[in-house]
Amino acid sequence: GAKKKAVCPGLGLFYTVLSAFLFSLASVCLKKIEDVHSVEVSAFRCVFQMAFVLPGLIYYKTGFLGPKGKRIFLLFRGFLGSTAMVLIYYAYQVMPLADATVITFTTPVFTSLLAWIFLKEKYSLWDLLFTLFAVTGVILIARPPFLFGSHVTGIEGNYTDHLKGTIAAIASTLSGASTFVILRKVGKSVHYFLSIWYYAVIGLIGCVLALFALNEWRLPHCGKDRVLLILIGLLGLGGQIFLTKALQIEKAGPVSIMRTMDVVFAFILQIVFLNHLPTWWTVGGTLCVLASSFGTAIRKWRQSVKKTKQSEI
């Protein structure tokens, strides 16, 4: 038979960089929205997710509920995933873009910690060191007054909002890490599209209920905000598609490392479009978090390569 055409070398990493760029553009659009609550933005994002996933569910004939023994895990995955999205959108709105983006990169570190607690996976001294690096980075970005004094510079608005955004970003990171632990528990028995479907449906229901409870449901007043909402949905969807394609043709280790381009783009776009220079505290925190993220990704990659070689032997 005809040989399968080889994948272009580096294509998966290119998809990862493109995904990072699209996600960063979506974050800039979110910062530019003037009168739309983060929960409403999340609701629009869920609608786009559902529109993308529905044809896939029909094509692959996965059903809409999933295996009976896995539904409870899918419900928790949907709730935690949508909660992480709402929280990080709120963080993007009230604190510098680069700061919020950097905090999200502590997710792999906290995933290792939660997997050790709930899945009894190995947690070494290296993992503890990477966790301490991540926590140090977050502290440098948050700059709590009891350590740095009452006069904190280089933030957007007042420090109260900055602190709320930091707490929201950390909570988003923990929620995101929890979803990865749940997906590991579920394994490959549930199709990827079905996982996203739960995430979008539960997220939409939760966002709509929250908007009515907060009395924040309203259509954007101007055409610019409406265009930005559509762009956020399209760019977020595009970023997820390219990230998925990258993981299909490239190993997870290099993809995790290349995803740090999110931070680079966040810094560049924050300076160019938002006219906000990062402080040296943010740069120091970024280096700590990236060192932690790099270390975790490389260690997991080496472990997976070692297991592959052992299985081949």
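Quick reminder: no glycine exception, Cβ is built from N, Cα and C everywhere.
Straight from TrEMBL, the features:
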type	residues	note
DOMAIN	11-142	domain 'EamA'
TRANSMEM	12-30	transmembrane segment
TRANSMEM	42-60	transmembrane segment
TRANSMEM	72-92	transmembrane segment
TRANSMEM	98-119	transmembrane segment
TRANSMEM	126-146	transmembrane segment
DOMAIN	164-295	domain 'EamA'
TRANSMEM	166-184	transmembrane segment
TRANSMEM	196-214	transmembrane segment
TRANSMEM	226-244	transmembrane segment
TRANSMEM	256-274	transmembrane segment
TRANSMEM	280-298	transmembrane segment
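Per-class residue totals from DSSP over the domain 'EamA' (11-142), listed helix then strand then coil: 110 helix, 0 strand, 22 coil. For the transmembrane segment (72-92), the residues of the chain that approach it from at least six positions outside its boundaries are 27, 30-31, 38-39, 41-42, 45-46, 66, 100, 103-104, 164-166, 168-169, 171-173, 175-176, 178-179, 182-183, 185-186, 190, 194-195, 198-203, 206-207, 210, judged by C-beta separation under 8 angstroms.
By the count of Cβ pairs under 8 Å, the stretch nearest in packing to the transmembrane segment (126-146) among 166-184, 226-244, 280-298 is 280-298. Looking at 42-60, 166-184, 226-244, the range that has the most CB pairs within less than 8 A of the transmembrane segment (12-30) turns out to be 226-244.
Sequence-distant neighbours of the transmembrane segment (226-244) (same chain, 6+ residues past either end, Cβ-Cβ under 8 Å): 15-16, 18-20, 22-23, 25-26, 29-30, 32-33, 36, 41, 44-45, 47-49, 52, 192, 219-220, 255, 259. Taking DSSP states H, G and I as helix and E and B as strand, the domain 'EamA' (164-295) has 112 helix, 0 strand, 20 coil.
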